[in-house]
Amino acid sequence: MGARASVLTGGKLDQWEAIYLRPGGKKKYRLKHLVWASRELERFACNPGLMDTANGCAQLINQLEPALKTGSEGLRSLXNTLAVLYCVHSNIPVHNTQEALDKIKEKQEQHKSEPKKPEAGTAAAADSSISRNYPLVQNAQGQMVHQPLTPRTLNAWVKVIEEKAFNPEIIPMFMALSEGATPSDLNSMLNTVGGHQAAMQMLKEVINEEAAEWDRTHPAPVGPLPPGQMRDPRGSDIAGTTSTLAEQVAWMTSNPPIPVGDIYRRWIVLGLNRIVRMYSPVSILEIKQGPKEPFRDYVDRFYKTLRAEQATQDVKNWMTETLLVQNANPDCKQILKALGPGATLEEMMTACQGVGGPAHKARVLAEAMAQAQTATSVFVQRGNFKGIRKTIKCFNCGKEGHLARNCKAPRRRGCWKCGQEGHQMKDCKNEGXQANFRKGLVSLQRETRKLPPDNNKERAHSPATRELWVSGGEEHTGKGDAGEPGEDRDLSVPTLNFPQITLWQRPVXAVKIGKEIREALLDTGADDTVIEEIQLEGKWKPKMIGGIGGFIKVRQYDNITIDIQGRKAVGTVLVGPTPVNIIGRNFLTQIGCTLNFPISPIETVPVKLKPGMDGPRVKQWPLTAEKIEALREICTEMEKEGKISRIGPENPYNTPIFAIKKKDSTKWRKLVDFRELNKRTQEFWEVQLGIPHPAGLKQKKSVTVXDVGDAYFSCPLDKDFRKYTAFTIPSINNETPGIRYQYNVLPQGWKGSPAIFQSSMTKILEPFRKKHPEIIIYQYMDDLYVGSDLEIAQHRETVEELRGHLLKWGFTTPDKKHQKEPPFLWMGYELHPDKWTVQPIKLPEKEVWTVNDIQKLVGKLNWASQIYPGIKVKQLCKLIRGTKALTEVVTFTQEAELELAENREILKEPLHGVYYDPGKELIAEIQKQGQGQWTYQIYQEPYKNLKTGKYAKXRSAHTNDIKELAAVVQKVATESIVIWGKTPKFKLPVQKEVWETWWTEHWQATWIPEWEFVNTPPLVKLWYQLETEPISGAETYYVDGAANKETKLGKAGFVTDRGRQKVVSIENTTNQKAELQAILLALQESGQEANIVTDSQYAMGIIHSQPDKSESDLVGQIIEELIKKERVYLSWVPAHKGIGGNEQVDXLVSSGIRXVLFLDGIEKAQEEHERYHSNWKAMASDFNLPPIVAKEIVASCDKCQLKGEAMHGQINCSPGVWQLDCTHLEGKIILVAVHVASGYLEAEVIPAETGQETAYFILKLAGRWPVKVIHTDNGPNFISATVKAACWWAGIKQEFGIPYNPQSQGAVESMNKELKKIIGQIRDQAEHLKTAVQMAVFIHNFKRKGGIGGXTAGERIIDIIATDIQTTKLQTQILKVQNFXVYYRDSRDPIWKGPAKLLWKGEGAVVIQDNGDIKVVPRRKAKIIRDYGKQMAGDGCVASGQDENQDME
């Protein structure tokens, strides 16, 4: 493909360029006419290669001639061009197009008048032209005989399959190898494919489908065939299964022939297309050019995927024309759009050559191209060839718009005219070339004016003219070169000893080309070296090279030597009209020249809005004149630096901005209120989950602390997302429209900035960390800590290397914040060589405190508690409980004042922490402070704390010290793992006996590491102990309470075994409170020992946890009474079960309060529970029991009294996700699978924990339920090849959990426990374990209700799968309906209206939406057609010829 610029060479090209387009005209044929003709021939599906010879041109003319009468002007021009080209090839002298046409006409007439020569040997010639590789060949007798496929052909096919598998290339390869083959030959080819049986099965299915379709469309004739007549082939005959080779040959050579081979080939290609689609699942729509991907690589991927697409050639052509450009990256897209819609692939690839490099370079090229194109067209139209507008330019800094005497940049050393040092420009006596580029441009202008007028239009499209047009400033002429002018570019790497060229000016150097010395621009953006007219030795050949916006004609000299600053290289030099001599990459790469940008582009992170959301459209609120002025200044500066860009009214989004004054400064700071955009932006995963702590630092000999300047503003923002960051600076009194900007970099205050910056910074530092493993770098946001055990000089040298590395990526480390000497201020801490502390904290002294003041105060105290032990904030926090305004004044309580005074005393003495020594043991010591507050210290040596902290979280309303202590230990252990990666040894203020007494009853509360007892008052103790057995001789109290929900009136009382009883009335109470009141009453009325029997699980649960403090006054009173007693036994019995004392007290407290309910079904529920051990929800549902009764039945079962329940986290609950795990019981292995969304269970005892058994179980599971994903641990059976193969075959995705982290397998781990619990309850009902397992699975799936919807796991999984299918169908239906447009007529208006959007289609009417209005139209007055989209619809589209029902089904 592509334009052919080398049709003519040497003298013939000169002959071509001497021929005029018209008789008497001024314009002559040029090389561009050949390029245009070849492009047009491609459009007409003709081979442009035929233009290379006279015979080829004659064939093309004969082909086009019949269409000339009805053809367009373009077709006639093409025929004329080919006629002239034919004359040039045939050496027929002509002066213009008309003469060429006349000459060809004469030749055609001569040819007609010549007698025809005998055609002897034509058959032989024809026969020789036929490839002998075809299976059907003609023998000497003229008969068509079959020649089997050669082993070489079959071997080539097998090799293709082995190497390419089923890539798109396989289809053209198959077509080429099977040209003219019979079905038998094709089956031979398919049979040679050994592997890929799955693909072959798919192919077989496609062939069967097509054969069946053939039989349907070609029914067999009825009755016997006449003698001598051949039968018509059936579908199976075409596939070669029921036909002989002789029959196949006869069908293919009959008159008329039935090409059974071609038909079968077509079927095979259909099947191969389907296989290729499966093996290459990438859609053409997904092929997009990466930001740094070369255009050539992108085109290769595009066409490779296009070949796999199952679409007609027309659709593929459309894809090529539109998608190739649409999915290019922004830099290439801008260039491709400028080339126009008719550009060939060769032109595209030429124009985009080198653009796939750094984004900065590509952006510059694209901008220059856009500017040049618009500028040249205006330039030509106006005829402004008289001169170019000159702009003033500074000799000092090279920028436009001011003179050197007004320049604010530092004065450049040396003379501004010649560049030499020792004198200034006014004293310069050197009349040679100027140091800057203006003199060269002036001479070019003079030369340009000498151009002949008839060449102006053509020259306008050449790079020479374009360069002159844009060369008023270096903004355009310099950007495409090796650098940009400006103060940021004078950066060099001091460690390199190579020649360096400063980029204050464009990098122009004296270069020796052949024997001549010329000034040339070193351009790393140019592929080729192009020099203006120079005499070189050797032969040359003509060539066209593509500039941006056009082509120029040059002479190509090969093997030319060039000397650049003492370095020699040999390569190709192009000589032609160029505005500036250019040394391109073909020479620069040979001499090792590299372009070192101070800001190399960081790869942008793609960002999107949340699905279904649009950008923010929040109006800008009014601002004062002072703030508007400040914002304008700030934004003007930011725009110069490229951080923001101006935008027009086409951007509909807006975010409000405002300004505040900086602390201790008169300067203003711009703030953007990104709250609305943050709500709409996708979620990000924070790369760092917390901040580093100095206690985790190891002591280092040398330390440096630095700061990254303008951190966020050094990272580019995704181009497609920038529009959503738009904001507006308003004007006073709406004097002018607001100035609109959008961000090009990460904005402050936007939710994605921290995560993107952290990710980018980590990638940038990674190579440096690998290079210097002896250096430790802590990086959190823009703070850097660099530590090492190197000598200080060597350390600082490495730090400077790090600064240089960051600078290459555009990150500066300002000297102002570069700390070389201790103490180092880092992350709010103060670091000394052998200790650390928090930066000095001063607590404010205030008369009046607001909520905001208290919040800041608590924050400071929390920060200080890292190193100051004993800090408390509980009473201060109580002051700001509830929802209060930030400015609301707070009145201090006495406790809060005391707490603040204590904290002030603690902070008076400065305290320090030490650094971590990996060789020593970590120890954590915990003390109780009272009022639910705890403090702790972590150290390695006594009195040298690494870190301190406090804890004051109350996790439940009723608690005790041991519960809190367990929570403190867990917090300290977690903190230690985060900072040091291991848990410390604990010293706890509790005795072993007290702890173990609690622990035996409440072991499920939490996990506790190794610990030892420390006698640090106040000691933690249990204030009372409940007896485990009834106390003989003590009075037994049956207690009960009841309340009326409506009146809130209640009664509480007790009955004793000695005949005593008491009932009290209570107001404003609940059932639970009344039950507790009854226990309190019994405790108050009893002696030092008592047995208490209650029917309240609630009361029983609270008191059994042995709290020593509670937020409930009632529970507090019970605790006080329990502490006074010597011994108390508390027991529970189910209510309403005919238990003597319980029944009597129930009758006492129920009178007038609640009606006694006759609860039918209790016995049946109990029987079922004894058999299946159903949970309370299942029984409450199945037997219509109140929840409390069902719970009491479960609670009274000794097999169901297991302690503790698992706490659940969040896991993937998609409908197709299952978790698998192996658990062990009775020395056997049980493989368990849990449907995560429903809790449905499948389990089986397997003989061995092998991949084979696991794979078999997975296949059985997949055969019963729709399994999409299985989540397993990293056990050897799950990671085996057998399991992977089973998952691949069944189309199941396999995911793995996190090693040594059971939470990642939460659902199945929990189900293992549940399964074992159920097995334990019913084990005595089964002889074998495998029977018990299946019984337990049945009970869990169908006899236990609860969870979402209160249904069983079996009901839930069926409901989830059914809902998923319905949802998918509904979505598909909605999408299908949306593909149709409706044309309709109103009742009185005969004109068809539309197209409208189809919302719903019924039998008698349709619901449509037209311009926002929803209408119901009778079915007979509506036409429904498929909407093929604007690009697909053509003139031949017949809307009414659709079967809408079929399309919509």
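From the backbone N, Cα and C atoms, a Cβ is placed for every residue, glycine too.
Just so it is clear, the model here is predicted, and its values are computed rather than measured.
According to Swiss-Prot, the features are:
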type: BINDING; residues: ASP707, ASP782, ASP783; note: Mg(2+) 1 binding site
type: BINDING; residues: ASP1040, GLU1075, ASP1095, ASP1146; note: Mg(2+) 2 binding site
type: COMPBIAS; residues: 105-119; note: compositional bias 'Basic and acidic residues'
type: COMPBIAS; residues: 446-461; note: compositional bias 'Basic and acidic residues'
type: COMPBIAS; residues: 473-491; note: compositional bias 'Basic and acidic residues'
type: DOMAIN; residues: 518-587; note: domain 'Peptidase A2'
type: DOMAIN; residues: 641-831; note: domain 'Reverse transcriptase'
type: DOMAIN; residues: 1031-1154; note: domain 'RNase H type-1'
type: DOMAIN; residues: 1211-1361; note: domain 'Integrase catalytic'
type: MOTIF; residues: 26-32; note: motif 'Nuclear localization signal'
type: MOTIF; residues: 995-1011; note: motif 'Tryptophan repeat motif'
type: SITE; residues: THR997; note: site 'Essential for RT p66/p51 heterodimerization'
type: SITE; residues: GLU1010, TRP1011; note: site 'Essential for RT p66/p51 heterodimerization'
type: ZN_FING; residues: 392-409; note: zinc finger
type: ZN_FING; residues: 413-430; note: zinc finger
type: ZN_FING; residues: 1160-1201; note: zinc finger
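Feature map: annotations from Swiss-Prot on the structure.
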residue : record                : Cβ within 10 Å
ASP707  : Mg(2+) 1 binding site : 18
ASP782  : Mg(2+) 1 binding site : 18
ASP783  : Mg(2+) 1 binding site : 19
ASP1040 : Mg(2+) 2 binding site : 29
GLU1075 : Mg(2+) 2 binding site : 26
ASP1095 : Mg(2+) 2 binding site : 24
Averaged over the motif 'Tryptophan repeat motif' (995-1011), what pLDDT does the predicted model reach?
55
Integer Cα-Cα distance in angstrom, ASP1095 (Mg(2+) 2 binding site) to ASP782 (Mg(2+) 1 binding site):
62
Tell me the Cα distance separating ASP707 (Mg(2+) 1 binding site) from GLU1075 (Mg(2+) 2 binding site), rounded to the nearest angstrom.
64
Could you tell me the C-alpha distance between ASP782 (Mg(2+) 1 binding site) and ASP1040 (Mg(2+) 2 binding site) in angstrom, no decimals?
65
Pairwise Cα distance for ASP707 (Mg(2+) 1 binding site)/ASP1040 (Mg(2+) 2 binding site) [Å, integer]:
69
Integer Å distance between the CA atoms belonging to ASP783 (Mg(2+) 1 binding site) and ASP1040 (Mg(2+) 2 binding site):
64
Across the domain 'Peptidase A2' (518-587), what are the DSSP residue counts per state (helix, strand, coil)?
3 helix, 42 strand, 25 coil
Mind checking how the motif 'Nuclear localization signal' (26-32) divides into helix, strand and coil residues in DSSP?
2 helix, 1 strand, 4 coil
Is GLU1075 (Mg(2+) 2 binding site) helix, strand or coil when read with DSSP?
helix
Need the DSSP three-state call for ASP783 (Mg(2+) 1 binding site) to compare against my parser.
strand
Taking DSSP as the reference, which of helix, strand or coil describes ASP1095 (Mg(2+) 2 binding site)?
coil
Residues of the zinc finger (392-409) by DSSP state, where helix covers H, G and I:
3 helix, 2 strand, 13 coil
Please classify the secondary structure at ASP1040 (Mg(2+) 2 binding site) using three-state DSSP.
strand
